[in-house]
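Chemist: What Swiss-Prot records for GLY30, ASP31, ASN32, ALA33, GLN34, GLY35, LYS36, THR37 is ATP binding site.
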Amino acid sequence: MYIKYLKLINFRNYKELDIEFDKNINIFVGDNAQGKTNILESMYYCSIGKSPRTSKDKELINWDNKESYIKVHILKKLFNKKIEIKIFKEGKKGININSIKVSKLSELMGVLNVVMFSPEDLKIIKESPVYRRKFLDIELCKFSKKYYYGLVQYNKVLTARNIILKKWNKGNYIDILQVYDKQLAKYGEVIIKLRNNYLKKLSEKGKVIHSDITSGIENIEFKYMTCLTNFDNIEDDLFKILEFNRKKDIYKGITLYGPHRDDFIVNINGVNVRNFGSQGQQRTSILTMKFASLEIIKEIIGEYPVLLLDDVLSELDKNRQKYILSSIKDIQTFITCTGIDDIKKSIIDEAQLFIVKKGKVSRI
């Protein structure tokens, strides 16, 4: 899979951009705040219909304009695809795939698969469970429509349940709460089961990758942390947990248990890297997660996704840089950097270089 062509109109600092890419390595060089990351952001947006940097689509629209436009041509093993997205200031978006309008975001998922690696990804390791749940949700939605549907339905029911909990003192809603709990347990089972399976696969792929990066010194493992004691009867057990904690939920006015509160831990040699790992170990863990994600997607769809490396080489030591640059020969890769000193000459010789300056891109 690779992106052949990208067109932007009024996207971030680009008034208009038409650009063709090499199917292997593409490097964007330029000072900070010139628009390098914006190009990668537009590709990511075409993958899942959301930005990795903001939850407000209107921020993607160039100043004083009412809409922006993204178009990508994707070449895959079995077919070619063209994605067009219009983003409107009032918060709506229009998506066409091969000139056919699609009404559901789920129809966009999987058309263009990307894995993005940026310095911000350290938050997955270092900060709250929100970032780790978001990582799981995004990765699973890329290839599992079952997960996407289950997640959407679960969140709808969760929102409705929390509304009932907040206004409990104004009436007795026990019957409707019973219905909501059954629905949460049903959709929660889908989420928990697929998350647990994904983390097992991430551990399997990650062990090999992490061992390569650390010369066999470190062993990595990803472990799902949930309110359940086992995964044998997820739906029944989750319903019982919701039922048992109902009074507590009513008192707090919020649902305290379920996959929306789950987490996962990253262990290196049996030690939680979030609490006790060095900065280097935390960075290596993220690198492992990203490259394990690449391998999982390849295993499922039969080809590598597109890899987006946003200003990460300068953040890594020589060994980690070496691992990345030796692992991308079969993967279309987009690299942003302020200079090419951190990139091997052999890579540069094979890559397509672009200079980015004030929203203008020129091919070298």
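Glycine residues also receive a Cβ, built from the backbone N, Cα and C atoms like all the rest.
Given the structure is predicted, the values throughout are model-derived calculations rather than measurements.
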Chemist: In the structure shown, which of the binding-site residues ASN32, GLN34, THR37 has the fewest other Cβ atoms within 10 Å?
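Modeler: Lowest Cβ count within 10 Å among the binding-site residues (ASN32, GLN34, THR37) is ASN32.
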Chemist: So which of the binding-site residues is most packed in, judged by how many other Cβ atoms lie within 10 Å of its Cβ, out of GLY30, GLY35?
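Modeler: The most densely surrounded of these binding-site residues is GLY35.
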Chemist: If the ATP site is taken as the center of the Cβ atoms of GLY30, ASP31, ASN32, ALA33, GLN34, GLY35, LYS36, THR37, which further residues of that chain fall within 8 Å of it by their Cβ?
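Modeler: Everything else in range on the chain: THR336, THR338, VAL356.
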Chemist: I'd like the Cβ neighbour count for LYS36 (ATP binding site), meaning other Cβ atoms within 10 Å of its Cβ, all protein chains included.
Modeler: 26
Chemist: Restricting to the same chain and to sequence separations of six or more, state which residues have a Cβ under 8 Å from that of ALA33 (ATP binding site).
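Modeler: Sequence-distant Cβ neighbours: none.
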Chemist: Which ones in the same chain are close to ASP31 (ATP binding site), with CB under 8 Å and 6+ residues apart in sequence?
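Modeler: Counting only residues 6 or more apart in sequence, the Cβ neighbours of ASP31 (ATP binding site) under 8 Å are THR338, LYS357.
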